[in-house]
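**Q** Checked TrEMBL, it gives:
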type	residues	note
BINDING	16-23, 63-67, 124-127	GTP binding site
REGION	16-23	region 'G1'
REGION	42-46	region 'G2'
REGION	63-66	region 'G3'
REGION	124-127	region 'G4'
Amino acid sequence: MIMTIPYRCGFIAIVGRPNVGKSTLMNHLIGQKISITSKKAQTTRHKITGIFTDPAAQLVFVDTPGFQTDHRNALNDRLNLNVTEAMSGVDAIVFVVEAMRFTEADRTVLRQLPAHTPVLLTVNKIDKEKAKNKLALQEFIEQVSAEFPFVGVQTVSAKHGLRIANLIADLKPLLPESVPLYPDDMVTDKSSRFLAMEIVREKLFRYLGEELPYALNVEVEQFKIDDKGLHEIYIAVLVDKENQKPIVIGKGGEKLKKISTEARMDMEKLFDAKVFLKVWVKVKSGWADDIRFLNELGL
Ligand code: GDP
Ligand code: K
Ligand code: MG
């Protein structure tokens, strides 16, 4: 890659209340699905780094779990601490809101933003019907802009990849002059092992009911690549209680089969390789309140 001089490189945190589309945006910014998404809050449990590189700049995005304000337990406290940590020391912040919907939860996140870091307001989901009235959208933007001294505003649709290039163009001047910190073909600092685990978690979030996904965790027991490039991956789903096991497995094993088939297809796309995937269910109680276990998970 031929780089232009001066080159810019820096860190950008993507923040906002749950479900505004932070992870979907991150995936479109870097052009690969590395951060998992779903309709449920708290899908994103780990801080994920996604790297965008072009001849003029390298943008290192940090996707964060949404702030949890309602329900306190060891896991939520840890998630919030991680968001605060992810925001300190970045060069810029992308504050994401959903078009036509600004709530007390958005305001709570705004209050946590560090002083002296430039914050770009990003209005997502402009594809939605209610955002199609231009005048109403303009009024909404003015209303949110009055809440905080944003350095600028951009409207996007993360899901449809609309105006993502505009967002990147707005962010570049906010970064310091620096040589790139990562190789130009690197899209994330996470390992394939970690990404495999996240993909299985995403399917659990998508295919299980409202409550259960929060009581689950996922562990990679084996990850091997043979000399022909075949990825052999063994993953355990940890449930809190014995009676949760059949819910994950489903009638005649159907649910687990669907989860593992979709996970395998996503992995083949992301790793650009053939994947053999085995997923099974194990019982491990009380993990969500066990600080030592959270440490083991690297949370
Ligand atoms: P996060 O919790 O902020 O990371 O949000 P996610 O990225 O997980 O997205 C939450 C939900 O919003 C998912 O169902 C996404 O498909 C949906 N979503 C994200 N971006 C858009 C968008 O631009 N338009 C629409 N209509 N839906 C979106
Ligand atoms: K979500
Ligand atoms: Mg997310």
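Each Cβ is built from the backbone N, Cα and C atoms, and glycine gets one as well.
It should be emphasised that the depicted structure is a prediction, and the values quoted were computed from it without experimental measurement.
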**Q** Taking the binding-site residues G16, N19, K22, T64, I126, which residues show a Cβ-atom distance to ligand 2 below 6 Å?
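**A** By the Cβ criterion, which requires under 6 Å to ligand 2, the hits are N19.
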**Q** Do you know the mean pLDDT across the region 'G1' (16-23)?
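**A** That region's mean pLDDT is 94.
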**Q** So which of the binding-site residues is most packed in, judged by how many other Cβ atoms lie within 10 Å of its Cβ, out of N19, T64?
**A** T64
**Q** Just the binding-site residues from G16, N19, T64, I126 whose C-beta lies under 6 Å from any atom of ligand 3, please, or none if there are none.
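**A** Checked binding-site residues vs ligand 3; nothing flagged, none.
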**Q** Tell me, by DSSP, whether G16 (GTP binding site) is helix, strand or coil?
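**A** Its secondary structure by DSSP: coil.
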